[in-house]
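Please read the structure below before turning to the comments.
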Amino acid sequence: MWRRSRTICLSLAFVTVSLHLLLALVTLSIPHLPCDAPLPPEMSFRVLACNASSSARDGGHGEPPTDAIQGDSSSQDCRRGAKVNVQRLPYKRLTWKGDKRATENNTENNANQTERWESDMLKLKALFDHSLYNTPRPAAPEDDWLLKVKPKTKPSQRSSQMWSALYDTQDIYDNVQWNSSVSSQPPWLRFHLGITRWELYPHRDPNMEPLAQQLATHRVVSAVQKSGGTQLKLVMSFPNYGQALFKPKKQERDEETNYNLYYFSDFERHNAEIAAFHLDRILGYRRVPPAVGRLVDVVKEIKDVTTDRKLAKTFFNSPVGNVCFYGQCSYYCSTEHAVCGTPQDLEASLAVMLPDLSLAKRRSWRSPWRRSYSRSKLAQWETDPNYCVNVKKTPPYDKGTRLVDFIDLVVLDFLMSNLDRHHYETFEKFGNNTFLLHLDNGRAFGRHSKDEPSILAPLRQCCRIRRSTWLRLRLLSLPQYHISDVMRASLSQDPLHQVAPLLSEPHLAALSRRLKTVLETVSRCQEQHKDDAGAEDVIYDDLADVQ
């Protein structure tokens, strides 16, 4: 037994030694690879990402062919990226501009936006330099001015007495030192004195810039709710006795009007009032009072200075601490539709007020193409294609320029999609031979995805348009004066553009689309009347007398 055990142990020892020798020989025959150095921290994620993307492309099955590696740009990018990091070349750092931080990509985008803005501004300048906007006109006769400065008086004394009688709190207003010299007059007064029979302000009016500056920055000394109308608006007063019509922000710029909402129940938009002023000027009308955007402090510039008790009672703090108010009006004046700051800052449009009615009376005219303002009934013009025949026989549309004046307003309304034009006004002093005031445009620019062809019904049915208007519309359709580009450039000069563009890009694109529709409508009119009197019956030549 002992010999047998000894033999087994020797055999096991021999087998063990043999196995160890065999293992050593095998190990020595395999080539030894050096150990890889650990990746630097900034490299590890990049390489892992490249390996992960390679595995995904290869489906996880071995290595791809050599030619595939050479042709794979992403693999080459990964290898180049690894090499850059290993060599520790400079990497893209964040850049600062004022208090805004941006990457180099953002800098490139900003450069592109700057280049586009400069291009748009050049188009706007070229447009306003065009001869169609600089037609020479004879000096306006004395009767063509809305207001006059009385000579041989002592303005500084008499005007002070007059304004003191109108305002009890004289200490909050500036001392009046006005006279017949233009340099002594505040911008709003120069605007009033510049109104003529044919326009609210001249094409190149140096007063526009100081007037806009006043509306955007002057201290507000009084804010009261304006009577009339269907929605909330205020009258704000400045220390130099100027006044502006205030309309607050009620919805975001890119928010479209609800399709189930009737036009007479739509919100009024502050940016629409501002955009209407700029579009009216671009069209060469100059019939919308200047309007400017402003960030208003709800507490300091409304609540603390108002003398309107009814308005003061409607202020409250929202659950998140924003200061809100709602006033009193027919629509959207309730806690559910309150106007709120963030927490006190509120966007608004401020439009310069026209001369007081005691100085310059205005007449209100019912629009012949007024909508029914009913949820079930249609107006006569919507069912009668020959409706314009009767309108042309009715004063004041039977003579003079009233019909083409109204068509100008129709073109403006169609471009900005304003369905709420039930009335318009004129200055009573000038009778029927004057321009139409393009007021109250808050319900414009509600939808950009849909055009409203019914707004163009007067143009389709009457087939009549001013030559100067028609030529300017054609000009705005050309690439070098593109209406969307010049509108973008014009709006960029408003103070609220620093917060956000006043019109979104879809609204600007809609302007181009609608302009094309207007020109096509005029072309169809010319085609329809070519057998009668041709273009002469469609185009009213208002340039003949000027030339």
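Note that Cβ sites are derived from N, Cα and C of the backbone, with glycine treated the same way.
TrEMBL labels come from automatic prediction, so no person has curated them.
On a predicted model such as this, the values are computed, not experimentally measured, just so you know.
As annotated by TrEMBL, active site applies to Asp420.
For Gln231, Lys247, Glu268, Ala351, Val352, Met353, Leu354, Glu425, Asp440, the entry in TrEMBL reads ATP binding site. Spatially close to Gln231 (ATP binding site) yet at least six residues away along the chain are Phe267, Glu268, Cys329, Ser330, Tyr331, Tyr332, Cys333, Gly442, judged by Cβ distances under 8 angstroms.
Taken from TrEMBL, the feature domain 'FAM20 C-terminal' applies to 315-532.
Marked as region 'Disordered' by TrEMBL: 54-80.
Residues or ranges marked as signal peptide in TrEMBL: 1-24.
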Recorded ATP binding residues, Gln231, Lys247, Glu268, Ala351, Val352, Met353, Leu354, Glu425, Asp440 - maximal Cα separation rounded to whole Å:
20
Please work out the mean pLDDT for the residues of the domain 'FAM20 C-terminal' (315-532).
94
Sorted by position, what residues of the same chain at least six away from Leu354 (ATP binding site) have a C-beta under 8 A from it?
His192, Pro289, Ala360, Arg362, Leu437
